[in-house]
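Novice: The structure that follows is given in the form of structure tokens.
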Amino acid sequence: MLKNPFSNNSLLKQYQDLVSQINILEDTFEQLTDSELRAKSLTLKKQYEATQELDPLIAESFAITREASRRTLGLRHFDVQLIGGLVLNDNKIAEMKTGEGKTLVATLPASLNAITNKGVHIVTVNDYLANRDQVSMGQVYRFLGLNTGLIQEGMSTDERKKNYGADITYVTNYEVTFDFLRDNMALNPTDLVLRPFNYCIIDEVDSILIDEAQTPLIISNNTQTPIEKYIVAAEITEYLELNTHYKIDEKNKNVVLTVEGSKQIEQILKVQDLYDPRDPWIPYIINALKANALYFNNVHYIVQNNRIIIVDEFTGRIMPDRRWGDGLHQAVEAKENLPIRAKTETVAAITYQNFFLLYPKLSGMTGTGKTAEIEFEKIYNLAVNPIPTARPVQRKDLPDLIYKDQFSKWNAIAKTCNQVHETGQPILVGTTTVEKSEMLAQLLSEYNLSYQILNAKPENVRRESEIVAQAGKKGSITIATNMAGRGTDIILGGNITFKIQKKLYDILTLAKNFKLSKQTNILESSILSQFEGSSQRFLSVLLSLLNDDNFMKLSDLEILKLLQENDRISIPVISYQSSIQFLINDLITFNKKYQTQENKIVKNLGGLYIIGTERNDSRRVDNQLRGRCGRQGDPGVSRFFLSLDDNLLRLFGGPQIQNFMQTQLADDAPLESDLITKSLDSAQERVEERAYQQRKNLFDYDDVLNKQRNIVYYERKQILENTNTLSIKKNILAYGEQIVTDLLLELKENKFYREKTLSLIENLLGRNLLLTQLKDADSLLNTYDFYELKLYLFEEFWLTYQSKMEELSVYGTGLTENLERSIILLNTDRIWREHLQKMTLLRESVGWRGYGQRNPLYEYKQDAFYMFETREKLLRHLVIYDLLRASIL
Ligand code: ADP
């Protein structure tokens, strides 16, 4: 039963009945054997089949899953976790603090919704987490007779299809969205990998639906790129002066040319008009200036293997597959003197915003959702419900310290690290950029402090989870760019599983290399001495591995995968899985005592000390950093160090604050002031509001395209999955008849189109009509009444079509049907692709039109509507035209 401290919580009231029902069932289910429990799970499926109702099954399903988890993982869902699960099942966002066990919470609604046989997707932010969660939580599902799938980068179509076919599939946001786009370009029903969407749980939902919501995911083809122009534009920026020739609008991340600037450039280039639509220079110049003034190496991007790799501002992660659009990426490449890669043409695109709205039932989990509540409600119709913690929060958030300038601030941070480190309390410092993390690292070196650094640089990313897992060890200092390592638990005293995996990895790979150089004797004794006190069984398993020639032939990577219980290990390696697992478990038990001790020591030191070095653009990101400590009732401290010239204060703090502070602040003495903290809070809210408005604006624009996409994808799917060839034929015939009817209608309305109409039809059919001989004689043509003419033209079309089909049918049966389907699909895609380009241009041009009295969004919608309307007509025409000219080579 739930007790205080949440007795007044309305959420609790709402779910109290269900939680009690689940708890009451616990005793009964505890008594059941494993197979009886599994049989219960099967009964639920049958019940659902009969009634098609999920709600009456909630309590039983949750109770079964909880019992299965207790038996397989040894974890029993807390009551607050049950509430989390209920919230997720109610299409809402469960806000649960870090360490509250969201991974386990998801098993409850996932098992329940898997009962429907329609599939459940659990979406995580990276492949590592998808793999980890699938492997661990999969044990619960399998116990219940449900199967799980896992999608990873690089998987083949067949593997994907199989994994999406599972009851519960773990997948990243990126992979599932691309699979959706690819499915909608498939020419063959067997290439489809996804089933119709059913239920989705998004982990770290704010990161996906808010931070990443705006950048569309794009599948594209290369197009012609005027490389020379990018290079010249980059060179020209050297001859331009800030404020004389151009101005920077930092708040909106924009650059504007002055009149003088335009003149200067026109002179250098010797062109009349930068804006000349036949030879436009302006986009290249603006992008080159933006690249110089607003996009910085090691902040917004890093250079790796001669390429520009974007760094995500919110998470500090690199995004190797993304490129900035509209020529900005090329401009940055030109600035860095790198090879300029071709611009691309979009063939399919969708934003996460619109993608996730396709699920009939959507839900999400995060540690930090409340401050973005309005956005979740308005855009996704998702309410945010904060779930009480299982144990009371003990974290202390100390008031911000404000310094006069960057110099004093960073020195104070280094000094604090030094002082705190002397006590042994572990420290985690969050920085906003790669550059700053490296700068702080240098300062710490001056204090002779050792530290681990975690930023978007690839050499660090590889060790990401390991570094974060050890961040809670006594005396450790970890510097991490925002939210790196999110999803990995920071355990006070260090994470022994990681430590053990690493120790075994070092030893096994070392042994392998020694073996290669045939120095085995020295080796064995030195290895065994490292495991003094271990059980006999442990030593003999280890020795048998060391003496197994086949094992010694494995690559380092294969050994690593074995140790990490990676699901994708190759067949010959699988036989070693149980030995390795035994070694790990034995060492864990052996080291548990040591771990508990360490954990206690660090708790007594006050837990993890979190240092924020700058307020971020949103309170959510600050809270994510703070949330890294104080998990599951652990002690912990957080403090932000700020400076007057931090971006947020500088851009949004307002002049009074600046004046006030300049007079109040001594050189290195900080200020703790409510006024400043309040002003920062409101500055942050303003930035959040602005970012929200921008996303909302994008959403409103994208809405039009989204509706159109839904229509096109729906119609396309009808054709693709239609196995009834007769009905495709009917479609084709209807297309032809509709073209004729449309043309005749035009003819009827305006007699001057007579000749044109006929020649259009002749052009379409690819042959002359009998009527042509009569076409000059108006009177004769008039003797045909409308109906008769139509019938005549229909017959001509049927005839042409039929003879084409006969001509093609000699190449084999079934060929014409496939051909017809492919021609419809290919043309649907072609028209959609062209529509996408037109919509992009339209989007740019309405921006300009907005200067008049007109509402740009309204204009955009109108034009988009007309552009879309012509689509069907065009499709019919292209399909018939192509089909009647088809030949087999
Ligand atoms: P979150 O994603 O909410 O930060 P995790 O899912 O990473 O949290 O879980 C944090 C830790 O808590 C994990 O080590 C997990 O095994 C543990 N945990 C979760 N639920 C329970 C439970 N009911 N009982 C005991 N430990 C739990």
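A Cβ is built for glycine as well, from the same backbone N, Cα and C atoms used for every other residue.
As annotated by TrEMBL, ATP binding site applies to Gln81, Gly99, Glu100, Gly101, Lys102, Thr103, Asp489. The coiled coil feature in TrEMBL is assigned to 8-35. Here TrEMBL flags 1-673 as domain 'SecA family profile'. TrEMBL lists 397-588 with the feature domain 'Helicase C-terminal'.
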Novice: Looking only at Gln81, Gly99, Glu100, Gly101, Lys102, Thr103, Asp489, the residues listed as binding ATP, what is the longest Cα to Cα distance in Å?
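Specialist: Farthest Cα pair among residues binding ATP: 17 Å.
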Novice: Looking only at residues six or more beyond either end of the coiled coil (8-35), which have a C-beta under 8 A from one in the stretch?
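Specialist: For the coiled coil (8-35), the list is 1-2, 58-60, 62-64, 66-67, 71, 79, 82-83, 86-87, 143, 385-388.
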Novice: So which of the binding-site residues is most packed in, judged by how many other Cβ atoms lie within 10 Å of its Cβ, out of Glu100, Asp489?
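Specialist: Neighbour-count leader: Glu100.
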Novice: With the cut-off set at 10 Å between Cβ atoms, which of these binding-site residues ends up with the most neighbours? Options: Gln81, Thr103.
Specialist: Gln81
Novice: Which residues, in sequence order, are found in the same chain with Cβ within 8 Å of the centroid defined by the Cβ atoms of Gln81, Gly99, Glu100, Gly101, Lys102, Thr103, Asp489 at the ATP site, excluding those residues themselves?
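Specialist: Apart from the listed residues, the neighbours are Met96, Thr98, Leu104, Val105.
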Novice: For Thr103 (ATP binding site), which DSSP three-state class applies?
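Specialist: Where Thr103 (ATP binding site) sits, the three-state DSSP reduction gives helix.
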Novice: Can you give me the average pLDDT across the domain 'Helicase C-terminal' (397-588), rounded to a whole number?
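Specialist: Mean model confidence (pLDDT) across the domain 'Helicase C-terminal' (397-588) is 81.
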